[in-house]
Amino acid sequence: MALAYHRIIVKIGSNVLTQADGFPDLTRISHLVAQIADLKKQGKEIIVVSSGAVASGRSLVQVSEKADAVTSRQVLAAVGQVKLLATYAELLARQDLLCAQVLVTKEDFRDRQHYLNMQNCFRALLQNNIIPIVNENDVISVTELMFTDNDELAGLVATMLDADALLILSNVDGIFNGNPQDPASELIPEIAPTTTSFSSFVSTQRSQFGRGGMITKCHMAHKVAQLGISVHIANGKTENVLPRLLRREVVNTHFLPNKTASSKKKWIAHSDLAAKGAVLINAGAKTALLTPHQATSLLPVGVLAIMGTFQKGDIIRILDEAGKPLGLGLAEYGSDKALERLGQQQQKPLVHYDYLFLTAELG
Ligand SMILES: Nc1ncnc2c1ncn2[C@@H]1O[C@H](COP(=O)(O)OP(=O)(O)O)[C@@H](O)[C@H]1O
Ligand SMILES: N[C@@H](CCC(=O)OP(=O)(O)O)C(=O)O
């Protein structure tokens, strides 16, 4: 039976869109656009997260050798993004389809208002049958402000839009249980939500034009699958990969989804960098929070210490007595009030269960 996904995020990696010489592979882009059009005709909603701005820029401009690496990348991306989107727009127009450009930064996912603005725009684009084509705003996202890679961005978009599936197109058929170049390595068809360690078989090696590498891809895929979204890693160079993937006709690695979490929890799950402060909780509170199938809020009685200052509505880190991170939550009140109520019984929860995202397990 075919995979019945309706809302699909398609992430097209740098190396899928780039030839060996670093220039964009126009034939590949046009094949992928034809496949996207095919899925659209089947009534699916498609959101594309596409790399390739820097590669497109390379085909247009030679940045002065005096420019540093950051400046050079900014210039290439600024010039190349126009060309990249023009290429998509032209190829999609031939199929009577309209696309839109959405450029985002990591900051936009940290700020609740920006997050809601983005979400609103994406929803409106989809309602109008327009294909959003998303990329990082490489002009302003430099060094520490950058996403690890576009996989991270695609994961955030998938979560924000409550997608049914995230299809990551790379230059490998999926995840292998060893070096993909080694003929003895085998492809892993499915990864259960309980699998958390990938370092035993996934190396930190990256493809020629990729940024994050397979290990970061695995961690992101796992996190997204944890939130109830199917993630597939497949080879973007395989003929007609997208429709065939949905018909289960091509090899790939499928991260099986966990039961879905609420959209608020999904936003919190991706807000680690936005955390304003932290709370240290005692062993009893830790057990209560981490006990499966039990909806427990974090009460001040279980809080041992408040670290940093935060306001009502800020994201805070939750740590155990030893300082081990347990998860994140949205503070129901600020650090001043939290300090006053520290260790006290019968106080309002500091973090309500609906706004709590835990990453640790008991034990
Ligand atoms: N166990 C593994 N299975 C598959 N690929 C792996 C594995 N370990 C490392 N890799 C490398 O990960 C690369 C893909 O990741 P990446 O460079 O981030 O690609 P992209 O640009 O598509 O995001 C592959 O080209 C491969 O060399
Ligand atoms: N935003 C950049 C690409 C970022 C990047 O390399 O991501 P990835 O394809 O996931 O390795 C660009 O458009 O050139």
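The backbone N, Cα and C atoms fix where each Cβ goes, and this holds for glycine too.
Copied over from TrEMBL:
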| type | residues | note |
| --- | --- | --- |
| BINDING | Lys11 | ATP binding site |
| BINDING | Ser51, Asp138, Asn150 | substrate binding site |
| DOMAIN | 277-351 | domain 'PUA' |
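In this entry, substrate is bound by Ser51, Asp138, Asn150, whose most widely separated C-alpha atoms sit 11 angstrom apart. Counting residues per DSSP class in helix, strand and coil order gives 18 helix, 23 strand, 34 coil for the domain 'PUA' (277-351). Distance between Cα atoms for Asp138 (substrate binding site) and the residue listed as 'ATP binding site': 17 Å, as a whole number. Packing around Asn150 (substrate binding site) is summarised by its Cβ count: 24 other Cβ atoms lie within 10 angstroms of its Cβ, all protein chains included. Under DSSP, the residue listed as 'ATP binding site' is assigned to a strand (E or B) in the three-state scheme. Summarising the environment of the residue listed as 'ATP binding site', the number of other Cβ atoms within 10 Å of its Cβ, over all protein chains shown, is 29. Across the structure, Lys11 (ATP binding site) and Asn150 (substrate binding site) are spaced 8 Å apart at their Cα atoms. In the predicted model, the domain 'PUA' (277-351) has a mean pLDDT of 92.
For Ser51 (substrate binding site), the same-chain residues lying six or more positions away in sequence with a CB closer than 8 A to its CB are Ile12, Gly13, Ser14, Leu17, Asn135, Asn150.
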